Amino acid sequence: SIFTILVLTLLVLLTVATFLWNLLVLATILRVKAFHRVPHNLVASTAVSDVLVAALVMPLSLVKELSAGRRWRLGRELCLVWVCFDVLCCTASIWNVTAIALDRYWSITRHLEYTLLTRRRISNVMIALTWALSAAISLAPLFGWGETYSPEHERCQVSQEPSYTIISTGGAFYLPLCVVLFVYWKIYKAAKFRMGGRRRNAVVPLPEAAQVKEASHEPQMVFTARHAAITFQTDGETWREQKEKKAALMVGILIGVFVLCWIPFFITELVSPLCSCNIPPVWKSIFLWLGYSNSFFNPLIYTAFNKNYNNAFKNLFVKQR
């Protein structure tokens, strides 16, 4: 049908755009020396995971969507590879978003203690833990924790073993979800506290006339001020406040898109094996591809809030010409 053709065309465009956009971010970080530092290593790690999602996971998912009844006709070995990379790359993408949120949170709330050297060490540790945890979750079914391939039904999916479902969904989504929500709550609380303190210190009205007289035998000098105000700082935000406000907005959008993209899939992924619910395959596909789309939105969000990326993109294309 025309609708099916339109949907498949949209999925193909999503796959290609996700791959090219994240590849562009990686090429920019590698070519620009100023990006060879934190927090761009976190952005690079996120782009790597999202490129792998577009290159290794989404095409095989598209082949599965094209088959009649969404059956897997590519064999057991390729099924294991696809499921392994699916869990690995998507989990790494989710935890990389969490690492970016944590980095922004510490840079806002502890900017004096969170020096460049400390930031580099912590970011490298977060990247290593991200990929190690993702690998552990993805490789567990290969050692017998549940089955991913059913030759009788030609079905290839993530292991539906209840114990694995609880551990994998908790480690891949629900734990990072709690972390990012806590982080954004702390960022919002810190920003509200600063704005409240600023309003208290900004203006102190003097409703009555104030007179200051110089107590001496010399001729007196009198200064009179009516309806005056004492201002402790100039109007407008400082450079750091603007930077923190922009970082908080970026983290908020990043977290919001991450939650909207992945929460439908992980709710069904957790509930379905535990209650033996029969969720229609079309809804599973919609939720899965909605989660994949997060890999497309990630680079759009964290580059849209950084003018350096826009300038680097322009210079990259100019030099190529």
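Each Cβ is built from the backbone N, Cα and C atoms, and glycine gets one as well.
Annotation comment: TrEMBL describes 6-30 (among others) as transmembrane segment.
Feature annotation from TrEMBL assigns domain 'G-protein coupled receptors family 1 profile' to 21-302. Across the residues of the domain 'G-protein coupled receptors family 1 profile' (21-302), the predicted structure has a mean pLDDT of 81.
The transmembrane segment annotation in TrEMBL covers 42-60 (among others). Using a Cβ-Cβ cut-off under 8 Å and counting only residues 6 or more beyond its ends in the same chain, the transmembrane segment (42-60) has close neighbours at 11, 14-16, 18-19, 22-23, 25-26, 29, 74, 78, 82, 85-86, 88-90, 92-93, 96-97, 99-100, 103, 123, 126-127, 130-131, 292, 295-296, 298-299, 302.
Here the transmembrane segment (80-102) has long-range neighbours at 39, 42-43, 45-46, 49-50, 52-53, 56-57, 60-61, 74, 123, 126-127, 129-131, 133-135, 137-139, 141-142, 148-149, 156-159, 168, 171-173, 176, 179-180, 183-184, 251, 254-255, 258, 262, 291-292, 294-295, 298, 302, meaning same-chain residues at least 6 beyond its ends whose C-beta is under 8 angstroms from one of its own. Positions annotated as transmembrane segment by TrEMBL: 80-102 (among others).
Cβ atoms under 8 Å from those of the transmembrane segment (122-144) belong to residues 38-39, 41-42, 45, 80, 83-89, 91-92, 95-96, 99, 102-103, 106, 158-159, 164, 167-168, 171-172 of the same chain, restricted to positions at least 6 beyond its ends. Look at TrEMBL and you will find 122-144 (among others) tagged as transmembrane segment.
Annotation source TrEMBL lists transmembrane segment at 164-185 (among others).
Here the transmembrane segment (247-267) has long-range neighbours at 94, 97, 100-101, 104-105, 107-108, 169, 172-174, 177, 180-181, 183-184, 187-188, 191, 286-288, 290-291, 293-294, 297-298, 301-302, 305, meaning same-chain residues at least 6 beyond its ends whose C-beta is under 8 angstroms from one of its own. The transmembrane segment annotation in TrEMBL covers 247-267 (among others).
The transmembrane segment annotation in TrEMBL covers 287-305 (among others).
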